[in-house]
Amino acid sequence: MARAYNFSPGPAALPEVVLRQAQADMLEWGDAGASIVEISHRGPEFMQVAAQTEADVRTLLAVPDDYAVLFVPGGATTQQALIPLNFAEAGQVVDYVVTGHWGKTALKQLTPALRLNVAASSEADGFRSIPARDDWQLTRDAAYVHITANETIHGVEYRPAWGNPAPDTRDVPLVADFSSSIASEPIDLSRYGVVYAGAQKNLGPVGITVVIVRRDLLERAGQPRAHMFDYTAQLQNDSMLNTPPTWNWYLLGLTVRWMLDEGGTSEFDRRSNEKSRLLYDAIDASGGFYRNDVDPRVRSRMNVPFFLHDESRNDAFLSGAREAGLIGLKGHRVLGGMRASIYNAMPVAGVQALVDFMKEFRDSHG
Ligand SMILES: *Cc1c(COP(=O)(O)O)cnc(C)c1O
């Protein structure tokens, strides 16, 4: 099979130019005399990659100077465990707004030393909406408020009606899991205390996570934690407290550079609008053959879950899609059905191909 349009949720599609560059660099990197994966992370070649990657991330995301950028090993889930350790003291209240699977996962990472307040949850309606900001029960002296900017499985994203770019949490720092929507639009980072994103959706390969943190928050005592779990120690050691995942870091750097070359976050904002509109319009105009249940005001532009009216045709849909060169469409086991993840690396043409296939499938099975 040739390279297909890949709608996988993560690990996800990478731009072909990035993969080709990586293929070339796999054998020999510049004048290093070895592959990028074979050289020391502390050598001048890799240090240059690391520095350029940080500079490019700062440009792409317009990171203010009073924010640190960390490149840490592990996934977003790891940060869900480290964030409370670093930013909340024992006995403090932490506020969480739960709008889907990943918001719930974050709760599981909290230690008993903290007092959890679920300030709002849309679980009762099957995570098809986002609770209105006026209905959030925030705690005045909470250590932080945690939200999930885009729920990758449920397909729910904070959109303008919800105070996008960020809900107002007054003086309490806002911590946001941006794993599946980072760099899909310009965001005003100054509205956030911490933004974190596992790389394998929009930023590159799995195994590395970008954490952007307002520097003053790093002065907080937090809870007792191992040195390896200390964000300040990571910052003081250039995110190299131990051997970092150099290959992933380098690939992330290539992907970020590609996004800059393509026109940056405002261009991906435009494309995300176009791609998601194409797909939701096709679903909504299918006369009920396809269905998406999310409140249209908070429908995700990155992950579009949908269901066939006749679920007995799911396998036929997936195998037909595969034959049409469209892969990765099977829904998450939590929800079933289908899901099309249309991150930055997915071209408009890929979504058009999916929409064409969906129409064809409906015409022959309707
Ligand atoms: C994928 C994802 C995660 C989990 O990432 P891991 O790398 O598996 O830890 C967390 N939050 C969101 C929003 C995600 O999309």
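Each Cβ is built from the backbone N, Cα and C atoms, and glycine gets one as well.
Because TrEMBL annotations are produced automatically, they should be read as predictions rather than curated entries.
When GLN48, GLN52, GLN200, GLN223 are compared with the pyridoxal 5'-phosphate site residues ALA76, THR77, TRP102, THR152, ASP177, ASN242, THR243 in TrEMBL, the one appearing in that site is GLN200.
For ligand 1, the neighbouring binding-site residues among ARG42, TRP102, ASN242, THR243 are TRP102, by Cβ distance under 6 Å.
On the backbone, the CA of THR243 (pyridoxal 5'-phosphate binding site) and the CA of ARG42 (L-glutamate binding site) stand 9 Å apart.
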